[in-house]
Amino acid sequence: MSEGEMARLMEEVEEKKKLIATIRNKPWRMKRRLVLLREAQQFVDKFEGALGKGKGRKWYAYKVMMTKKWIKFQRDFENFRTACIPWERKIKEVESHFGSSVASYFIFLRWMYGMNLVLFGLTFGLVVMPEVLMGLPYGSIPRKTVPRAEQDTAQDYSVLMDFNGYCKYSVLFYGYYNNQRTIGLLKFRLPLAYLMVGLGTFGYSLMLVIRTMAKNADVGGGDGDEGEFTFAWKMFTSWDYLIGNAETADNKYASITTSFKESIVDEQENQKDENIHLRRFLRVLANFLITCSLGGSGYLIYFVVKRSQEFANRDDLSWYEKNELELIMSLLGLVCPPLFETIAELEDYHPRIALKWQLGRIFALFLGNLYTFLFALFDEVNTKLEEEGSIKNASIWAMKEYYANFSLPVNDSDATPPPMDPGDVILGPCWETAVGIEFVKLTVSDIQVTYLTILIGDFARAVIVRFLNYCWCWDLEAGFPSYGEFDISGNVLGLVFNQGMIWMGAFYAPGLVGINVLRLLSSMYYQCWAVMATNVPHERVFKASKSNNFYMGLLLLVLFLSLLPVVYTIMSLPPSFDCGPFSGKEKMFDVIMETIDLDLPAFMGTLFSYAANPGLIIPAVLLMVLAIYYLNSTSEAYQNANMELKKKMQMARDEEKNRRNNTDSTNQVMKDLEDLLPNRSLAPPALPEPAEKPKEPEGKPTKTRGGAAGKGVDLQKDVSLASSNPNAREPVTRAPGARGRGQPPGGRGRGGPPPR
């Protein structure tokens with residue numbers, strides 16, 4: 001093959017490759033696309049390997065083959081990774097019918113499931129499993145044994161549902177874990193691992209939330225401004241012509257319809273005209289009513305917690321009195337959000353802004369309830385810490401009495417008494433386990449109330465509307481009760497504060513993370529079914545933000561607030577004397593100092609002592625504050641620069657649009673001028689030239705003289721601009737009369753000029 005043929009073949013191969021890469025953008029029918037794509041692929045496969053020269057031909061063909069295989073592997077791997085995303089089809093189906101705002105909740109739920117799965121792996125792998133496999137078995141020591149007074153009722157259903165009995169003395173709670181410095185053949189340091197996992201849970205969660213917020217900020221930005229010609233872009237570019245599945249096509253159709261509804265709502269909000277003074281008054285009134293509701297709910301929680309402390313000294317309690325606190329908190333979380341939503345109707349915000357206000361108010365409600373609960377709970381903890389001294393003395397006295405009673409009948413002071421039965425040892429209150437039980441009970445009651453609300457409030461309501469609408473006095477679908485809408489704000493805040501309880505309670509109850517993983521897993525299937533079967537799309541469908549950073553911001557704030565009580569516990573409160581991995585120490589963080597002193601070289605202890613010096617910590621904090629201020633200023637400068645660039649680009653587009661409009665108007669004027677020229681039917685034909693006259697070359701311009709045809713007038717050019725008359729029956733053989741000097745072409749009438 002010659003060099004020219006090789007070059008031509010290479011050009012054809014490159015053209016075919018370019019066609020393969022851009023065929024999706026061609027405005028052709030699908031049948032033509034497939035035919036040309038198949039031909040181009042066959043041509044490339046046949047001739048691409050022949051482009052090598054001499055000995056390098058096989059090596060070139062091998063490289064081409066491996067490149068194709070690598071591209072195919074990347075494409076298949078990307079498809080596999082997309083298919084491995086959990087619940088992607090379910091979320092897309094929900095999004096197509098209910099919009100991106102409802103789908104954002106399920107995306108957030110999936111993200112939280114992944115985070116809790118990692119936390120469960122840390123807790124289960126580094127705390128629970130080492131204690132089960134290498135620690136002392138159940139019944140070997142008092143902290144792992146049910147007291148003899150409780151053994152008869154330890155397996156009762158009511159006791160187990162309150163997480164007492166065998167549940168209380170299990171790996172679910174803090175008190176079960178032993179305080180041995182090392183356990184097993186591997187010399188595993190369980191107390192150190194327990195503390196590090198407790199702090200690492202917050203560290204990992206903080207890193208993941210901030211990383212996700214940064215990624216969403218890069219992806220999304222803003223609240224979804226789409227520029228100009230929104231409806232035109234949606235009309236002509238929304239459909240995917242590669243869809244071949246009927247169900248996928250239905251989902252896509254519903255998604256496009258929902259997208260139009262979202263854009264219509266945005267446009268209506270931009271063009272809304274309102275009375276600003278009346279609107280301000282109604283918004284102030286709504287905020288006043290909601291503030292009163294928040295204060296009342298906080299006082300109710302505090303009153304119920306104080307009452308539950310009084311119930312702790314009684315044995316004849318009813319089921320309601322035992323679970324009053326959990327029920328009241330769950331009912332407040334169930335009743336207050338709809339009340340806030342009803343009051344928020346006075347404000348008449350855009351749905352997206354109204355959702356953020358609703359989320360903020362429910363956030364304040366849950367936060368106030370949670371911290372009121374914590375303050376009352378720590379009052380109870382302080383009471384139990386005051387009781388620990390007397391209980392510890394009573395336990396030591398009982399142990400001495402047991403040994404004294406054993407030595408009397410034996411009459412041998414050197415005899416070793418058998419160990420006291422673990423079930424007979426007097427145990428302390430173990431306030432850490434009590435706090436963990438309260439968090440577990442709150443979580444379980446929240447799960448029960450949420451699922452029953454969906455089952456009764458949504459499913460039963462939908463069944464009534466569906467089957468009784470035909471025989472009722474009014475239209476149940478259009479009037480009361482109608483089908484329910486998915487409560488985005490309530491569900492999102494429920495997830496956020498449930499996660500906050502998990503973060504706080506996981507230190508006192510390591511098994512709480514596993515319970516939360518099961519809860520999130522079941523919620524995904526249960527709520528997806530409920531929203532598709534029992535709910536209808538919102539009356540005002542609105543577009544969610546391109547990023548979930550608002551949700552993440554709430555989660556970050558809850559994470560910080562959840563860290564405070566745990567750090568206070570570790571740094572300030574003394575641990576229980578007879579339960580948990582830190583028993584026998586003054587403070588929980590003493591396990592770190594013990595590890596530094598016994599396991600690390602001496603200079604490491606010196607370094608840590610220097611690092612803990614306030615003289616270094618305060619400048620480091622100031623440096624971090626300055627760095628944050630600098631980065632924030634830089635970010636604002638970049639944002640301003642981006643806004644200026646956007647304005648310049650918009651100005652450039654406007655100038656280009658104006659230039660095109662001016663060009664079009666100029667062309668229209670020229671067309672109007674051409675219409676004023678005489679018709680070709682009135683123009684004389686070309687005169688026949690004598691045979692002996694040599695033919696003039698083509699393209700030579702026709703010259704004119706002043707006089708008969710007028711000075712400076714190009715008759716041939718004027719005639720060429722005239723169009724032929726289709727109604728002419730015979731050619732005109734008479735030349736037009738002479739025009740006057742300076743008379744423009746196409747003077748008065750259709751004949752020649754008037755005689756002088």
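Every residue, even glycine, has its Cβ placed from backbone N, Cα and C.
Feature annotations, reproduced from TrEMBL:
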COMPBIAS  649-662  compositional bias 'Basic and acidic residues'
COMPBIAS  690-701  compositional bias 'Basic and acidic residues'
COMPBIAS  739-756  compositional bias 'Gly residues'
DOMAIN    430-545  domain 'TMC'
REGION    649-668  region 'Disordered'
REGION    679-756  region 'Disordered'
TRANSMEM  117-138  transmembrane segment
TRANSMEM  192-210  transmembrane segment
TRANSMEM  284-305  transmembrane segment
TRANSMEM  358-378  transmembrane segment
TRANSMEM  501-521  transmembrane segment
TRANSMEM  550-571  transmembrane segment
TRANSMEM  607-631  transmembrane segment
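Counting residues 6+ beyond its ends, the transmembrane segment (607-631) has Cβ neighbours under 8 Å at 596 in the same chain. Secondary structure by DSSP for the compositional bias 'Basic and acidic residues' (649-662): 14 helix, 0 strand, 0 coil.
With a cut-off of 8 Å on Cβ pairs spaced 6 or more residues apart, the transmembrane segment (192-210) and the transmembrane segment (358-378) reach fewer than 3 such pairs and are scored as not touching.
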